[in-house]
Amino acid sequence: QNCQCDTTIYCCSQHGYCGNSYDYCGPGCQAGPCWDPCEGDGTLTVSDIVTQEFWDGIASQAAANCPGKSFYTRSNFLEAVSAYPGFGTKCTDEDRKREIAAYFAHVTHETGHLCYIEERDGHANNYCQESQQYPCNPNKEYFGRGPMQLSWNYNYIDAGKELHFDGLNDPDIVGRDPIISFKTSLWFWIRKGVQYVILDPNQGFGATIRIINGGQECDGHNTAQMMARVGYYQEYCAQLGVSPGNNLPC
């Protein structure tokens, strides 16, 4: 779905429909007068916050023979970020730092400090939820790949439409092309409303876990995994010199 409306007046929702309510202008809004959950105008850029030193501090904790060593690089990340100018650039400088700390907390947890490109034992899981709108290619697998471990056929298809790759027939590209791989993590972050909840002063890091893996980790299901994410978030907030805010667990 792509919005065919006047985006000077209407918001284009994450599902490609036009309107002016929270459902259209809130989390995942693609174009138009999208609602910002916060106010303020910082000046820091993503590359100001994600220094090479910050990057190396994460990547250096993974083994030297990790498949992600030459795949997950700061330059590849920054190239992907240029396709999503709204990432890490909203609200105050403190908000920007918190958003980036949250993003890398999840990336560190999902990839083992930028080590794994593909989900370990991913072949053992079936990530096909077939429908008329979202078919599956029986010869392909839709397990986790990339910094945010993109999973499920419908996410591959939707990300592919926005990022111009064939998510149905070539999901493997997310494990092959580092720029596309990073872009899928940013697609998920923004389109699924993760960015919105970390910037919303009434929510917080716990709400980001709920979107990314809430069914597996929140409400007492896997507290150790959930608290590992919280720990990384607190660590990166401390490195960036910003308070982590409230509502950290889920």
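Backbone N, Cα and C define each Cβ position, glycine as well.
According to Swiss-Prot, the cysteine that forms a disulfide bond with Cys128, out of Cys115, Cys136, is Cys136. In the disulfide annotation of Swiss-Prot, Cys12 is paired with Cys3 out of the candidates Cys3, Cys25. Noted from Swiss-Prot: Cys25 is disulfide-bonded to Cys11, selected from Cys11, Cys18, Cys38. Per Swiss-Prot, the residue from Cys66, Cys91 that shares a disulphide bond with Cys115 is Cys66. Here the disulfide-bonded residues are Cys29, Cys115, and the one with the most other Cβ atoms within 10 Å of its Cβ is Cys29. The distance from the Cα of Cys115 (disulfide bond) to the Cα of Cys25 (disulfide bond) comes to 36 Å. Broken down with DSSP, the domain 'Chitin-binding type-1' (1-36) shows 4 helix, 5 strand, 27 coil. In the predicted model, the domain 'Chitin-binding type-1' (1-36) has a mean pLDDT of 83.
Checking each of the recorded positions Cys3, Cys29, Glu110, Cys128, Cys250 against Cys18 (disulfide bond) by C-alpha distance, the shortest gap belongs to Cys3.
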